[in-house]
Each structure stands twice: as C-alpha cells, then as structure tokens.
Ligand code: G
Ligand code: G
Ligand code: MN
C-alpha cells in the first residue's frame, strides 16, 4: 500500500498554524507601530504650532521695532520700553548697532549700554535668527530664546523670549500619549521635563517623532501607556482574526494532506509517469474453449509501493474524478497494444467504466478519439459495475445508447454483488450480464448458490442477454456452466490477468475450433499462469 504519513500531516499542519499566527501577530504589531507613529506625528505638529505661535508673535513685535534701529537711544527709549512691556513673552528687547546692543526696553535711558551680542548670532545674516541662551542681561541662569531680526549685516533688533513660556508650552502639549516633548535649536534643547537648557543629544535621545521648522526643531517620544493602549485596542481584532485564519488554513492544510488528497496526487503523478499498466484476463467461450476476448484490468506499478491493486485506488479515482483521465490513459495503452494487430480478428476487449463515465458523453468522445476505427476489428465492450448507484439514469441510458450505436456493447458487471441488480436490468439495455463469482456454486452440494445461479441464468436468457461467468476457478464450475449453456467464462481456471505479450500467444493458441474441451484448455493454460503471474496481480 502507498504510505501516507499521519505524522507529516500533523507536523505540517502545526507548522502552518504556527506560522500563520506569527504572521498575524507581526501584522498586528506593525499596525500598533503605525498607529502610534500617526498619533505621535499629529502631536508633533500640535507642538510645533504652539511654539510657532509664540515665536511668530515675538518676531512680529521685533519687526515693529526695526524702524528705531540706529536712532538715538534716548529718543526711542520710551517707545522701546512700551513695546517690551506690552508685547507678551519678552524679557527684554534691544536695539543693535555695529554688532553691539546699545539700547534696551528694560534699562534706564541715561545708563550707557554697550553689550556684545550672544555669540552664536554673529556673524549676522539677513533673516530672523534664533538661539537659546542660558542667561540674559540682568537675569542670570534663566534660559531664554534670543531672536534677532537684522536690518543690515551688523544692525537689527534683538529680543529675549523668556524660556518659561516655551517650557510651559512644551508642558501643556505633553499629554498621556507622550513621555516628553522638546524644542531644539542647534546644540541646545528645552524640554517639558526641566526649566533648564540641556544638550540636544541628551535631551532628545529616543525621540520617536521629529519635525523641523524654520527656526527650531520639535521632537517627542511616546509613552509606554500609549503602546499599551494601542495593543489593548488591536489585540482582540488581530487575535480573533489570527485564530480564525490559522484554524482555516490549518483545516485546509490538514485536508490537503489527508490520505484521500495524498492518494489523489499520487494517482495524478502515476498517470503522468505512466505507472499504470493494463493486464488482460482472457474470456473463454465455454462450448468451444476458444478465447474470444479479454477484460482489460488496470495495475499500478508504483515505484515505492510496488504493485497496487485496483481496489486500493479505483474507488478513490472514482471519488475525485481522476478516473476519467485514468481511463483515458488506459484506452491509449489498450489502443497501442491492440493496434499491433497481433490478436485474432474479432477479438473483444472489455473495459471497465465507472459511474462517473455515465454522467456525460466524455467517454464516448474519448473512445472515438483514442480507439477510433480499431473498434471494427477489435470491438470494445463497456463493463458497467452495479456496485455503485447510477446517479443520473437518463444520462447513463444516453451514454450506453451512444456506445451501442458505435458498435460498443455493454455488460452489467458484478451482477448480484450489490442491491441494484434487478432494477438495473429493468432500467438499462445491457448486451451482457457478468455473474459475480459470489454466485458460482463452489461445491456439488452448494444448493442455495446453485439455485440463485440457475435463476440468474434463466433471467438473463429471458432478457436476451449473453452471460459471462466471472471467477471460474474449478472444473466443476465450468462443467456446471456448460450444462446451463452459459456462453462465456473467465477465471483462474483458464487464465489470470496477463500482460499483452502473454495474451497474444494465448489468444492465438485458443483461437481455433480444436480446443473444445475444458480439460484441454486448462491443460494449455495452467503452465502459463505460474510463469507469467508469479503472484496474482
Ligand atoms: O483486477 P481485479 O483485478 O483486482 O479488479 C478489482 C476491481 O477493479 C474490479 O471490480 C474491476 O472491475 C476494477 N477495475 C479493474 N480495472 C479497472 C479499470 O480500468 N477501470 C475501472 N473503472 N475499474 C477497474
Ligand atoms: O471488473 P471485475 O469485478 O469483474 O474484475 C474482476 C476481478 O476478479 C479482478 O480483480 C480479477 O483479478 C478477479 N478475478 C479474475 N478471475 C478470478 C478468479 O478465478 N477467482 C478470483 N477469486 N478472482 C478472479
Ligand atoms: Mn469487470
């Protein structure tokens, strides 16, 4: 028997289920990361906008003061003071000339001022510049944002925005989604965590979202609670989805690797690799001892399992429809054998059809296409077993009629083996009736079987059907059948199923009218059997 491995079936199924679950979990994790990124991105924009409102407002105030640059401090001091006091966020505003801060919104007019600009702002360029400073004039160790609006290469307005506003903004943006937020210019950062300037590389380590605007960069990191919340959101969806997919794929895999599917693939492969061979069991005319035909029987020479009997694969091939293709390939083998012309003219070849063949005209077309005009010289007989229930009797009747129209007679195979026998005789028009070996009396005093067999013979004669007795094994059975005028017989008494090369000499040896007694027939046949079929095939 061809070996199907249950262990492999379970192992592969387990693997598929595990991999599916892992993939779905990975997808779930990617979804969490994606959702988290989207949230952080949005928070970063919110933070940037909040800080930009402060910087823009300060910038606008400084732009308003540029008209006073270069003017005498005592003249504009009052206006500058008003601007510094009334504009929000400013600690102080300064006029700059020739690279020096010479006039302030917080110092008295009479006080001489000549302070250098915060270092990093120099050299001055056109366009607003900004830098974090740790201290400002008059205020030590309190971070501020220095914003410089130049009017020329060396002149302009400088404002110090108090760091408290920025820290407060960073703090207010931070919510339960966020671990920290930071605003960075150059190498320095202000964060939501402390009111002091920090090195940017330290402060923004582990940032998950960063956004750079014209004057500064905002960055932030998500909180573990955000990740936990997203996992809690997505876990039920992905876990249930994953479980369903994994179970479905598991079932599909398990079924794909089931013994039936395994056999299906093996059979399909066997057809492709020409592992199926046809054997022929001679059919004898009882009255004359002539061999008038043979029944083609399939044998599977499997490379690993060896010789496989039809019972092991024919029902499977019938169940999954491969029987159509299998029969097609057997027809080709039979055609190739018969076309050699070595058999006596008029020699019959019986083929076994399955219930599936009777559902449409495919088999009629196949026979016509493959066997064609060979049928005139070596007529086919279509054996239809009564073991299987014919589903569509109208279609079956049509197929049989089509076959008969083409000179292919039909035989009811295995008669009496199952329950369909009598009904089949009524519904279908068979030319032959093959009595199942079960109904051949085995001993002289086997009265019950003999009575049944007598009735079957009587019934067939009344119906005008020719009888073929199957599984004839003893001289006693042959004698009984001859007494009852049964026309044909096949069985081990005459010959086992043999290869075509063995069939030809057998058919020629039994073609003449000389071999009329069964004794002679069996004497001729017996030596062939052990030689050609060491084990029954
Ligand atoms: O040859 P035995 O040889 O063991 O055959 C067993 C069963 O397989 C029988 O019922 C026979 O009718 C069936 N069988 C053998 N060859 C074929 C075939 O080519 N097609 C179909 N459908 N059945 C076959
Ligand atoms: O298609 P069908 O069911 O008629 O197939 C015939 C089956 O009977 C095949 O399996 C074939 O090998 C088997 N067979 C043929 N002759 C004999 C016989 O004399 N005795 C027994 N027991 N089986 C036989
Ligand atoms: Mn048969």
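The backbone N, Cα and C atoms fix where each Cβ goes, and this holds for glycine too.
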Transmembrane segment according to TrEMBL, located in which of 7-30, 31-54: 7-30
Transmembrane segment according to TrEMBL, located in which of 171-191, 192-212, 213-233, 234-254: 234-254
Same-chain residues near the transmembrane segment (7-30), Cβ under 8 Å, at least 6 residues beyond its ends: 234-235, 237-239, 241-243, 245-247, 249-250, 253-254, 257-258
